[in-house]
Amino acid sequence: MRTADPDRAHDWRDALAVYLTRRQLVIFLMGFSSGLPLLLGFSTLSFWLREAGVSLAAIGGLLTVATPYSLKFLWAPLLDHVRLPGVCRLLGLRRGWLLTIQILLAGAILLVGQADPTTSLGVLAVAALAMAFLSASQDIVIDAYRIEILDEHEQGAGAAMTQAGYRVGMLASGAGALALADVLPWSAVYGVMAGLIAVGVVATLIADEPESRRPPPPDRPLAFLRHATLDPLKDFATRRGWLVILLFVLLYKYGDSVAGAMANPFYVDLGFSGTEIASVTKVLGVVMTMVGVFAGGALVARLGILPALAVGGVAQAITNLTFAWLSTMGHDLGALAAAVGIDSFAGGLGSAAFVAYLSALCNVAFTATQYALLTSLMAFGRTALASTSGLLAEALGWPGFFIATTLIAVPALGLIAVIARLERAEREQGEEAPH
């Protein structure tokens, strides 16, 4: 793993040119296919169910079908090592799995749309669970594909293209699906969404298969199981400073997540309406996040991963102070737009660098498994650790709360310096070793 001194672009023009390749277009299209199913099992589904008269308790219970997204590390080893007969021989391991999953995913989306929530809620729940499982599986393969197909200096741009495509996919299955539902029955809406998986299928078919650098797995069942599940963990644990790395993965987005968890209650307390919040956060916020991820990808290509992480981390921390400022402005739409725009840009910048870093951590022999484990740890930091945000806001008040979220981000910034020293020591040791 090299994150402190990758091959860098010579200037900013080269850093931006890294986006203009066929491989990055494929990554964007795969990102679209990855983001599309998510809201079909979350907010879009809950809107449909409530419109059909399903109780709030039932809707809340049904949304637990999204659990596979949190548990995908459990079956990621199979996608790393098991080859499907026929299709993997024809397309390769990654594309063979991806095409199979995408076809099944389109079928699951269709099945969700065909179920009547008033008479067949159980069928709908099973179909939604299958959709979530297949969507999470698609995410595993797409992440592994991106890491393996791109060179190190392209990982930042790849992270940006993935996130941009993902957000466009969410826009299609969120606002796009709700707009279609005004003129079409829900079965047709989900049919259109199933058809849009064709974008991912096209990307899979035109993509190049990554060169395999994985050793063949053992034939014996127990040896295979050990190789698929334990060896990725042992490999990671042999790295210099691996506990520091895991702590950093846990904490890098912590301050940003704590602030984000209380954003909507904060806006409500300032007197903003739902329409005002949606117009700023869902339109301006999304646009500025996408601008940020593209800037972050270029920053990785120009400066390297660790410097880009430092810039993104500082930006994420400092921009939380814009909300402390907003708390003194009251109901001011211009101030809300400024705070959300600046914070969203910084969040996108940090996210692109962070995804590039997680990608660089993975050994290509265990790409899917290690990346799934790292993103699960990241998700834990984003959700479980941020669960104290409400208590913190009540104790400190809004200005003090957002100042605190800035301070919470400082330990992760310190860990970047520690990781840089560890990598420098590892490089120096490698240079001193006899050849």
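Each residue, glycine too, has its Cβ placed from N, Cα and C.
What TrEMBL says about a protein is an automatic prediction, not a curated fact.
Here TrEMBL flags 19-423 as domain 'Major facilitator superfamily (MFS) profile'.
Taken from TrEMBL, the feature transmembrane segment applies to 25-48 (among others). Same-chain neighbours of the transmembrane segment (25-48): 59, 62-63, 65-66, 69, 98, 102, 105, 109, 112, 117, 128, 131-132, 134-135, 138-139, 142, 145-146, 149-150, 158, 161-170, 172-174, 177-178, 181, 186, 190, 193, 196-197, 199-204, 206-207, counting only residues six or more beyond its ends whose CB sits under 8 Å from a CB of the stretch.
The transmembrane segment annotation in TrEMBL covers 54-75 (among others).
The transmembrane segment annotation in TrEMBL covers 96-115 (among others). Only residues 6 or more beyond the boundaries of the transmembrane segment (96-115), in the same chain, are considered here, and those with a CB under 8 A from a CB of the stretch are 30, 33, 37, 40-41, 45, 79, 83-84, 87-90, 121, 123-124, 127-128, 130-131, 134-135, 137-138, 141-142, 145, 186-191, 193-195, 197-198, 200-201, 204-205.
Under the heading transmembrane segment, TrEMBL lists 121-143 (among others).
If one looks beyond the transmembrane segment (187-207) by at least 6 residues along the same chain, the residues whose Cβ comes under 8 Å of a Cβ in the stretch are 22-23, 26, 29-30, 32-34, 36-37, 40, 91, 95, 98-99, 102-103, 105-107, 109-110, 112-114, 138, 145, 149, 169, 172-173, 177, 180-181. Summarising the annotation, TrEMBL assigns transmembrane segment to 187-207 (among others).
Annotation source TrEMBL lists transmembrane segment at 242-263 (among others). The list of residues near the transmembrane segment (242-263) in space but at least 6 beyond its ends in sequence, with Cβ under 8 angstroms from a Cβ of it, reads 236, 281, 309, 313, 316-317, 320, 323, 343, 347, 350-351, 354, 358, 361, 374, 377-378, 380-383, 385-390, 392-393, 401-402, 405-409, 411-412, 415-416, 418-419, 422.
Per TrEMBL, transmembrane segment is recorded for 283-301 (among others).
According to TrEMBL, the feature transmembrane segment maps to 308-327 (among others).
Per TrEMBL, transmembrane segment is recorded for 333-359 (among others).
According to TrEMBL, the transmembrane segment annotation covers 371-392 (among others).
The transmembrane segment annotation in TrEMBL covers 398-420 (among others). Within its own chain, the transmembrane segment (398-420) has Cβ neighbours under 8 Å at 3-4, 241, 244-245, 247-248, 251-252, 254-256, 258-259, 262, 266, 269, 306, 309-310, 313-314, 316-318, 320-321, 323-324, 327-328, 389, 392, counting only residues six or more beyond its boundaries.
Remote same-chain residues near the transmembrane segment (121-143) are listed as 30-31, 33-34, 37-38, 40-41, 45, 54, 58, 62, 65-69, 71-72, 75-76, 79, 94, 97-98, 101-102, 104-105, 108-109, 111-112, 115, 162, 200, 359, 367-368, 371-372, 375 (criterion: CB distance under 8 Å, separation of at least six residues from the stretch ends).
Within its own chain, the transmembrane segment (371-392) is flanked in space by residues 70, 72-73, 76, 140, 143-144, 147, 232-233, 236, 246, 249-254, 257-262, 265, 354, 358-359, 361-362, 401, 404, which lie at least six positions past its ends and keep a Cβ under 8 Å from the stretch.
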